[in-house]
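These notes concern the structure reproduced below.
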Protein chains: 2
Amino acid sequence: MSVLVIGDLELEGGAVLPGVEIAYEAYGTKNEQGDNAILICHALTGDAQAAAWWAPLVGPGKVFDTERYYVVCSNVLGGCAGSTGPQTRDNFPTVTIRDMVRAQKRLLDQLAVTRLQLVVGGSMGGLQAIEWAVTYPAFVQRCAPIAASAQLSALAIAYNHVMRSAITLGGADGLALARKIGMITYRSFDLFEARFGRELKRPHAALGETEFQIESYLEHMGQKLLGRFNADSYLCLLKAMDLHDIGRGRGGAQQALAQIQADVLWVGIDTDQLYPPQEQRTWARRLARLGKQVTYRELNSEYGHDAFLAEGEQLSLIISDFLQETGGN
Amino acid sequence: MSVLVIGDLELEGGAVLPGVEIAYEAYGTKNEQGDNAILICHALTGDAQAAAWWAPLVGPGKVFDTERYYVVCSNVLGGCAGSTGPQTRDNFPTVTIRDMVRAQKRLLDQLAVTRLQLVVGGSMGGLQAIEWAVTYPAFVQRCAPIAASAQLSALAIAYNHVMRSAITLGGADGLALARKIGMITYRSFDLFEARFGRELKRPHAALGETEFQIESYLEHMGQKLLGRFNADSYLCLLKAMDLHDIGRGRGGAQQALAQIQADVLWVGIDTDQLYPPQEQRTWARRLARLGKQVTYRELNSEYGHDAFLAEGEQLSLIISDFLQETGGN
């Protein structure tokens with residue numbers, strides 16, 4: 001992992017964040033023109049190691065072919081995996097998805113990337129992807145938000161709110177609880193039913209001491225996050241997601257989306273509780289009505305929201321088709 | 001509201017709870033044979049006042065016609081609205097849905113009810129309804145679980161787990177958080193989107209001070225529960241729900257369901273996240289395959305799980321049809 005100092009960044013909220021550092025990974029080789037880049041944006045608790053967390057998609061011969069593309073992934077502004085955030089600065093200001101994107105643009109400028117073949121991401125990564133296509137229309141040739149939206153929904157804000165309450169209430173224990181809540185929303189009824197059902201941790205425990213396997217699993221996932229994530233950073237990113245509104249300061253969502261020049265692949269997930277398919281289709285339809293080049297595809301998965309991580313093969317095919325259809329492969 | 005002492009109750013977990021009191025409401029008049037009764041079972045934070053919380057269904061000329069039926073609703077064992085529970089006893093033991101039902105049976109015996117025309121309830125009330133039909137097959141002529149199940153699902157256990165974590169973490173504040181989490185699962189994406197969207201509490205607040213209306217709503221709902229509910233009782237009822245398994249000690253769910261003699265109306269809700277329609281249909285199908293008299297109907301509602309409370313008119317028609325088809329009206 002490398003770190004670049006991208007300089008002082010004036011944030012959407014007005015504050016100036018001096019000497020911002022952005023951690024990133026780059027895979028493959030940039031061509032002379034600097035126009036063979038793919039930018040991967042990570043989700044809430046993700047990091048710059050895209051080849052690790054999106055292994056089926058990133059590498060030689062894969063859909064994000066590192067023998068062909070210069071694949072970049074950076075830790076978001078406000079994150080806690082190498083970039084400037086609440087963990088590295090006191091009194092860290094409110095940042096927005098737009099601020100993250102502007103920081104990424106500075107990074108790409110320094111890396112002498114002149115144009116993006118594709119900007120892609122799932123969940124919070126998808127929020128960034130769509131924001132990219134609006135903020136830098138001429139820079140983005142293709143854009144693929146997955147299980148994301150152009151304005152965060154009331155339901156997603158509601159879940160962010162209770163995760164925030166948990167952290168406010170319990171510090172580190174609260175962060176573990178927030179993660180447990182998050183994990184439920186990232187999965188599906190059918191997945192939990194198939195994987196855990198009513199399995200007990202100790203099958204012969206007395207009624208009052210019953211603990212279900214789904215509980216042990218959630219407990220484990222909550223504790224596991226504590227080892228790699230910072231509560232203040234989590235709060236910072238939740239707020240950035242809440243504030244995600246492509247239309248803010250741009251005369252509304254229609255006006256903003258009208259700016260897009262990229263070919264868009266919008267990917268929904270049929271079992272997603274958090275960014276449900278009807279929401280995904282609505283955003284794709286709105287783009288189509290604006291005359292944009294947009295393809296809507298849906299992952300069929302038992303997984304729920306996390307299908308963008310779990311269904312690598314299916315997703316590779318969808319993205320590969322899109323790249324071919326739009327002349328990128 | 002009245003309270004009856006139903007005596008000592010031996011619980012499924014083995015403990016004996018002495019001098020159990022059950023608070024109840026009765027509407028209408030019992031006939032001489034004592035066989036015109038309808039038992040309404042309430043949900044997690046409900047109480048015995050069915051004519052208040054289910055006003056469109058309970059009263060003269062309504063589907064639970066108090067000029068014809070003797071309509072009884074009791075506060076569950078372990079509750080905090082008049083019945084024996086953690087609020088009235090120290091070291092309150094683990095209780096199960098089955099224990100609640102056995103307490104209700106004692107109550108009905110004391111009221112000289114000889115048979116139930118119908119046992120009905122939504123959510124936790126529906127868990128009781130189906131448990132009734134299995135525990136007392138000959139006593140129950142009709143059974144209508146709404147947005148419920150014969151064994152609590154892994155997803156529902158998962159949500160109960162995080163609500164429990166919240167209470168353990170934060171006491172009263174934790175109960176408010178649990179309620180906020182619950183409220184999200186009781187509603188739907190579309191309802192929140194239509195009702196709250198991205199509306200702000202203070203439209204011109206600085207980015208960092210943004211508070212969304214959905215947040216104020218959840219905050220309000222959380223605080224509101226504190227005035228009428230007890231954290232220990234909430235924990236007790238969550239555990240009872242987790243332990244809900246019609247097949248425990250009966251050789252499994254099939255064997256248990258095979259005991260049912262009642263005509264069953266199983267009602268699902270198309271937008272229910274917590275007890276999703278595919279789960280509802282599965283339980284109805286399992287009953288049908290066992291040769292039981294079962295009708296499956298689905299509430300069409302934007303509401304989500306809470307449609308069993310919100311869609312009184314639609315639900316009345318469905319239940320009224322069922323009563324007519326099964327000779328009850």
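Just so you know, the numbers here start at 1 and follow the chain as drawn.
Cβ from N, Cα, C; glycine included.
Note that TrEMBL annotation is computational and uncurated.
For A:36-309, the entry in TrEMBL reads domain 'AB hydrolase-1'. The annotation active site, nucleophile is assigned in TrEMBL to A:S123. For A:R179, A:D306, the entry in TrEMBL reads substrate binding site. The active site annotation in TrEMBL covers A:D272, A:H305.
Here the recorded positions are A:D272, A:D306; the one with the fewest Cβ atoms within 10 Å of its Cβ is A:D306. The 10 Å shell around the Cβ of A:R179 (substrate binding site) contains 24 further Cβ atoms across the protein chains shown.
Close to A:H305 (active site), meaning Cα to Cα within 10 A, are the following recorded positions out of A:S123, A:R179, A:D272: A:S123, A:D272. Its Cβ taken as reference, A:H305 (active site) is surrounded by 26 other Cβ atoms within 10 Å in the chains shown. Cβ neighbour count for the residue listed as 'active site, nucleophile': 28 (other Cβ atoms within 10 Å of its Cβ, all protein chains included).
Separation of the C-alpha atoms of A:D272 (active site) and A:D306 (substrate binding site): 8 Å, rounded to the nearest whole number.
If you take every residue in the domain 'AB hydrolase-1' (A:36-309) and average the pLDDT, you get 98. Between A:R179 (substrate binding site) and A:S123 (active site, nucleophile), the C-alpha separation comes to 15 Å. Across the structure, the residue listed as 'active site, nucleophile' and A:D306 (substrate binding site) are spaced 9 Å apart at their Cα atoms.
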